[in-house]
Amino acid sequence: MTTQPGQPIALDPAQIYSALPNRGTMPTIDLVAELPADAEVDTLIVPVFQGANGLELAATGSGLLSKEQEITLWRVLTSVGATGKREELTPVPGELLATEGSAPATKILALGLGDIDDSTDEDIRELAGVASRAAGLGSKVVSSLGLISPEAALVGHALGGYRFAGFKGASAKNAASQDAAGQDAAGQDDAAASDSPVTITVLAREADAALLAQAQVDAAAVALARDFVNTPANFLYPETYANTIREIAEAVGLGVEILDEKELEQKGYGGIVGVGKGSEHAPRLVRLTHEPSADNEAPQVALVGKGVTFDTGGISLKPGANMWDMISDMGGSAAVVATMVAAARLDLPMKVIATIPLAENTPSSTATRPGDVLRHYNGLTTEVLNTDAEGRLILADAMARACEDEPDYLIETATLTGAQMVALGNRTPGVMGSIAFRDKVAELSQEIGENGWAMPLPPELGEALKSDVADLRNISASRWGGMSVAGHYLANFVTEGVEWVHIDIAGPAYNTEGAFGYTPKRGTGVPVRTILATLRHLAGTTKGG
Ligand code: BES
Ligand code: MN
Ligand code: ZN
């Protein structure tokens, strides 16, 4: 796959897939060393910071503004009380900087960086995200944040500019007609017209095509994961989800295999069948394979992601308040699919196989009951004492299957426990597993700003999963350490010798509060960039080395 610098990415964010009747939109981003003289600029983003003596302009001398214009801008900003503090946005009419009747932009948006000496790449990503969100729909934005860090500015601007209008107004009609009658070609045009994205040109010292392509592919992957999560469960259920994954995966050249409920039953996937059997929407297991185009020495990696398209709790029913947030319970699977799409598009030099279990957890007369015993793909049995601890049941089968491929590394992620949020809050993924690999993944996650944190698997918490009648029970008898208890449960399904990491994203996958930095409301796309960073790291190592 090749991505032409400056061209919109091939996996068009406006493309409508059967289970995603309304996708979000993302800015079109470009990276240039010099702005064409006749460029139309609606909004010019100018970083400013808090210097020792008050507001100062950052990234000056870019050629975007003349010395005189910079002085005028500084005067205007200080006269209206701008200080350059972090996230301060001060709009200034471009007219005020006009020379010989021509203004550098319709609007200048001064963006406060705070203390510039302390600012990290993550600060730049966040501030670029804030600026993207402040830019009006359909506007042409030029940003000089790339002069500070091109990679951070590209990623932050792209991620922060994501918008999910979802099912409002005209788009709602499309969604309704799609629900009844499938793909609606006329609807596609409406959706695109009502929500035209921002165009963001990032100015940098040099225009690095590889950097731009990587940022575009990564951002598209994050947007895809967000779209999946943002799509409600009446559109996205195992069958439609699997079909949509097939469409997207085949378009980028991934190998695709889908097992339906009958095949799952025949092949002994008792965990996936047991969780899915209460719903009219039968479960699926999706397998995606990325084969690199050239031979290499890199390790083979398995990815697994929890895909509970809606989690009511099942017979152990959840309370009604906030149950709507459970549309995000397929966030792990969404991140894994999106990562696979990026792996294919970037032709990452390693073999990666994803195993993605999809099920809807709902009560009915055919649902699994508390006390039922399920037999997993590897023969281990689980006594189900709480049907709301369902994620581990489907992951157990998927991880056992993934290990059959004899991967060197297994990266698994899931919206697994409320206990993750109790322990770490809703922005910090809990990272558990093989010690050295766990620590590496947490470190990479912190570098790219998803902030995963290493958590232990204390041995006594594993003891609490012993059952009288089966190999395991699916909940512990104690209320403490629920995140690590779940991690212990999963450890039983990892084959000896496979380096393994489990990333609990119960909180971080879904933002139920206001937008911040480059993170919108609802689906966040976490931990797509953590997994991509890990794959890139592993691609640079050798098998067994
Ligand atoms: N999907 C939930 C975990 C979750 C909670 C994700 C809140 C996002 C936000 C999971 O299936 C679940 O219900 N876990 C139970 C486990 C318990 C029964 C041992 C929980 O955390 O309460
Ligand atoms: Mn649950
Ligand atoms: Zn769940």
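Positions of Cβ are set from backbone N, Cα and C atoms, glycine also.
What TrEMBL says about this one:
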| type | residues | note |
| --- | --- | --- |
| ACT_SITE | LYS318 | active site |
| ACT_SITE | ARG392 | active site |
| BINDING | LYS306, ASP311, ASP329, GLU390 | Mn(2+) 2 binding site |
| BINDING | ASP311, ASP388, GLU390 | Mn(2+) 1 binding site |
| DOMAIN | 386-393 | domain 'Cytosol aminopeptidase' |
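Positions of TrEMBL features highlighted on the structure.
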{"residue": "LYS306", "record": "Mn(2+) 2 binding site", "contacts (Cβ under 8 Å, 6+ apart)": "ASP329, MET330, GLY331, GLY332, SER333, PRO357, GLY391, ILE394, LEU395, THR413, ALA414, THR415, LEU416"}
{"residue": "ASP311", "record": "Mn(2+) 2 binding site", "contacts (Cβ under 8 Å, 6+ apart)": "LYS318, MET326, ASP329, ASN361, ASP388, GLU390, GLY391"}
{"residue": "ARG392", "record": "active site", "contacts (Cβ under 8 Å, 6+ apart)": "LEU416, ASN474, ALA486, TYR489, LEU490"}
> DSSP says what for the domain 'Cytosol aminopeptidase' (386-393): how many helix, strand, coil residues?
Replying inline: 3 helix, 0 strand, 5 coil
> Tell me, how many other CB atoms lie within 10 A of the CB of ASP329 (Mn(2+) 2 binding site), whichever protein chain they belong to?
Replying inline: 28
> For the binding-site residues ASP388, GLU390, which one has its C-beta crowded by the most other C-beta atoms within 10 angstroms?
Replying inline: GLU390
> Tell me, how many other CB atoms lie within 10 A of the CB of LYS318 (active site), whichever protein chain they belong to?
Replying inline: 15
> Using an 8 Å cut-off from the Cβ centroid of LYS306, ASP311, ASP329, GLU390, can you name the remaining same-chain residues around the Mn(2+) 2 site, in sequence order?
Replying inline: VAL275, GLY307, VAL308, MET326, MET330, ALA359, ASN361, GLY391, ILE394, ALA414, THR415, LEU416
> Cβ under 6 Å from ligand 2: which of the recorded positions ASP311, ASP388, GLU390, ARG392 qualify?
Replying inline: ASP311, ASP388, GLU390
>> Please check the recorded positions LYS306, LYS318, ASP329, ARG392 against ligand 1 and give me the ones with CB under 6 A, sequence order.
In response: ASP329
> Listed recorded positions are LYS306, ASP311, LYS318, ASP329, ASP388, ARG392; which sit with C-beta under 6 angstroms of ligand 3?
Replying inline: ASP311, ASP329
